[in-house]
Every structure is written in C-alpha cells, then in structure tokens.
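Asks: Dumping what TrEMBL says about this protein:
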- 129-208: domain 'Beta-ketoacyl-[acyl-carrier-protein] synthase III N-terminal' (DOMAIN)
- 269-352: domain 'Beta-ketoacyl-[acyl-carrier-protein] synthase III C-terminal' (DOMAIN)
Amino acid sequence: MVFITNLNKNILEYNILIMKNKFARIKHIESYKPKILLDNIELNKAFPEWNVDKIAAKTGIENRYIADENETALDLAVVACNQLFDSGVCKKEDIDCLIFCTQSPDYVLPPNSCLLQDRLGLSTSIKAFDYTHGCSGYVYGLHLAKALIESGQSKNILFVTGDTYSRYINPKDRSVRPLFGDGATATFISAEEAEEAFIDHFIFSTDGRGLEALLVPVSGTRKNQVVKDKLHDKVLEDGMRTLENLYMNGREVYTYTLRSLPPLVSNTLEKANLMINDIDHFVFHQANAFMLESLRQKCEIPNEKFHLFLKDCGNTGSSSIPFLLANYMKQGRIKAGDKMLLAGFGVGYASALGIITV
C-alpha cells in the first residue's frame, strides 16, 4: 500500500508540473579560477624558443590560471559552489540533485559528486553523479538537468563543472601548455512556470573516430603496466611529453570541427525555427581565438553576436562556456530574456548544441 501511495504521489506531482508548464531555467552561475597565474611573460622567460607572442596572437590567450599541486578540481568546485550559495539565489537545503562534469576527478572511485556533497554539507537524500565529457560537457549537463526537472524527478539542481588539465600537461609541451587553464563553475538550475521552455532544441553529434586526435594515452585501464614502466619524456617537434600527458593533434581537431560544426549550428536553428538574427548571443566552447573566428565566419555569424572569453583564462574545457556566461551576466552584457545558442565541441569527438533563454 505504501508503494502504491508513493507511486500515485509521484504521478500526481508530475501531472501538476506538466499542467503548470514548469520548465528548467538557469537561475545563476558562479565561476572560480585558482590563484596561480601563468602569463605569457613567464612562459616566454622559461621557453624563449617557443615564440610565445606568435602563439598568443593565434590563440588569443595571454593568461591561464593553474591549480596548486595540492589543489584539485573538487577543491575548485567547492569554492565556486560556496560563491553560489553566498549569492543568496538558493539555499543548500533546496538542492535535490548534484551533477558534476569533470575529466580530472580526485579518484577513479568514488565519484567527485559524492565527495562534493559531503564537502558542501548537502542533504544525504539528494541524487548525485559524475560524467566525463570535456568541451561539450556544459551543454550535455543542461540537457540532463532539463530532463530531470521537466520529468518531475528534480526541482533544484546544482550543476558543477571543474577540471585541472594542468595535471595532464607536460610543462615542456609547447602544443598544449599555452592553451589550457584550470577552473570550476557552479550553475543553479530550477523549475519555473512559463509559456515555453528556457532550455531546449538540443542537437548532438558523436564520432569516436576522434580518439587519437585528443587524449591522454595512459590514463585508464587500456594501457598495461608494461607500457607504464617504459614511460619517459619523448622529445617531439612541438615539445616534450610522455604517454601519461595530454596529447592533441591541433590540425586534425581544427579540420574536423570546421567541417562538422557549422551544419550542426544550422540544424539547431532549424529545429528551433529560428534564424541567426533571432539569436542574441552565440556562445561556443572557448577553444582558441583562431578556431572560433574561423567558425564564426563559416557560420556567417555577425561579430557583435559572437563572444570570446579566453584571453585571461585559456581553454578550460567544460567550464569555458559557463565562465563566459557568468562573467557576461555580471557585466550586464547578457540580460534576462536574451536568447543564446550554445555550442560545445571537442574531445571524443563529441558536440552538443542547444538554445537557451536566460
């Protein structure tokens, strides 16, 4: 009888949610960068042969923040989440679901989401889980949050992104060290009555053939101990790294992205029955300035609608989109009611796009 009662209660709550047209909405975003600044001046001092000025001109990156050796993505996430709670937009007891997107968890197991629940002092009755998408991770998380809220399974979601890519990067690797920074963000997503959805019209693309273009070769269970025992720095044309370090074939990633993403942007607009002029802001994963400008031109997006936010933080993976959103919202450059097209793309290869109304 108890089971039937609880089931009927859940069905009733779900029907009420649908009748009232409650939709998932982003209520607030906070971001946090670690305190250690690695600027181009320091890089140039350490590696004068790198031609850092040329790299900066192409990537648009002048600064990146690096986690301390004892600081993890979880630690960064704790700060971002506490900033969110300190803002007063929600209380810890309001949260009924915690989602953590990271590719640099503290442990293989348990998941960071469980550790974060404890560090924040959230209720032990919440649901909490991790997932490991990188550049497309934020848009994936919004899709998950929408599904949970609009199916009546959750009401108030704390969605966290956080990574310390510096842990995977060989400090002597010119191809990736100037690009990536560490950081974390916290997004509060809640149900709200409205005439139409705030988060909608998702388009996805997955192509696992991109494995060799962007990966950390020895990082899971695929490579055996014999390989690990033979690890050593390998001097390459673009720097130095081991099999335990992040590798990126920048040319291949660029070529694939320029070929695959513009049609996805068109498909997203078509799905939403919108034109480019209907979108206030196009917010893409902040990979590097050269790639983003190439995408902007190929998608025929007006410059004033297309935003860059990597000069002072670099490529922060799944945090790059919410880093931009958090800062632009605080500056008033993105306002309530603005319509945005978000596009995450990269490692996997995986791409995710969606239309968001602030």
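Just so you know, glycine gets a Cβ as well, placed from its N, Cα and C.
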Asks: How does the model score the domain 'Beta-ketoacyl-[acyl-carrier-protein] synthase III C-terminal' (269-352) in terms of mean pLDDT?
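Replies: Computed over the domain 'Beta-ketoacyl-[acyl-carrier-protein] synthase III C-terminal' (269-352), the mean pLDDT is 98 on the 0 to 100 scale.
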Asks: Provide the three-state DSSP residue tally for the domain 'Beta-ketoacyl-[acyl-carrier-protein] synthase III N-terminal' (129-208): helix first, then strand, then coil.
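Replies: With helix first, then strand, then coil, the domain 'Beta-ketoacyl-[acyl-carrier-protein] synthase III N-terminal' (129-208) has 18 helix, 32 strand, 30 coil.
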